[in-house]
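The structure appears right after this line, and notes come after that.
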């Protein structure tokens with residue numbers, strides 16, 4: 001049976017919104033949608049793998065077209081196959097993409113590679129005729145758990161958005177089955193943020209927990225001031241206080257904030273993850289890690305990151321990835337992560353779950369769809385299918 005990649009296609013799509021966090025607005029936000037087209041036919045249709053990058057980092061069409069897609073297409077197809085020769089080997093495809101790339105500088109490059117890598121894994125699981133989460137569990141010798149914790153990310157700053165709108169937004173998430181919600185902080189003065197937090201806590205009561213996210217906005221002084229304010233409240237976590245690479249700042253905060261903290265969404269390699277665990281003072285009994293495979297060289301690299309965690313005494317259950325996409329849902333279900341982010345009202349059609357999947361008591365159950373399961377989300381698959389045709 002022939003198995004080869006015959007084309008890699010990319011289109012940059014808008015996911016813009018008038019929202020903002022403490023650091024950026026999303027008025028010009030884009031994503032790269034990628035199709036990895038193979039010559040394999042299943043049920044009368046050519047197998048195509050799909051991928052896209054997470055929000056917060058822009059589409060990477062230039063890098064994808066100029067460097068990474070061409071390297072895959074120029075490679076000897078036989079050198080991209082597994083030992084049996086009946087499927088692609090994602091690690092070999094990944095290695096082909098990274099030929100002549102120097103180490104370090106994990107920025108936009110990691111997003112471009114991660115986007116293609118997502119599409120490759122989608123194709124691999126489809127060729128195998130299995131949901132990706134079950135394929136991953138088999139490869140790692142663990143039992144898949146299709147029930148995955150999800151939390152609702154929102155609470156952005158928005159023109160004209162007062163406390164009543166913020167409360168209504170959070171109540172809407174609870175009405176849809178979520179029991180952990182997240183809001184932004186750091187984009188307003190600390191006393192205004194305190195009022196916003198108290199309004200949300202009053203709204204959700206004992207029905208849910210609240211996480212807050214500073215998006216890396218604070219210096220140490222401000223981060224400590226917020227820590228002293230936030231420790232008065234029973235928060236799910238205090239997220240990304242300062243610059244993602246300022247490990248000393250992160251380590252210093254533990255003295256002032258005994259509750260759970262979370263970070264990692266803007267660290268894009270297993271080396272950066274290792275430095276966070278070495279120098280960031282993260283506590284494996286309470287803190288959370290948010291590495292996002294779509295932004296950090298893909299699932300091939302994410303598996304290396306999980307190995308780093310293991311050597312430092314961390315469980316994969318302390319990982320709740322950023323991004324709100326189905327790829328991380330599959331990793332969570334297949335490899336035992338602690339859950340996944342969700343954007344119920346934002347960045348559509350790329351976020352969310354397959355049609356018919358509902359949140360119940362803060363969890364969803366993964367359907368048994370081949371690959372990542374994009375075909376089960378009709379509005380998203382419409383965009384993907386148009387790229388592949």
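Even glycines carry a Cβ here, placed using N, Cα and C.
Site annotation (Swiss-Prot): Mg(2+) is bound by 239, 265, and the candidate from 193, 207, 213 recorded at this site is 213. Of all the recorded positions in the list 55, 213, 292, the shortest Cα-Cα distance to residue 322 (substrate binding site) is found for 292. Look at the binding-site residues 102, 182, 322 and count other Cβ atoms within 10 Å of each Cβ; 102 has the fewest.
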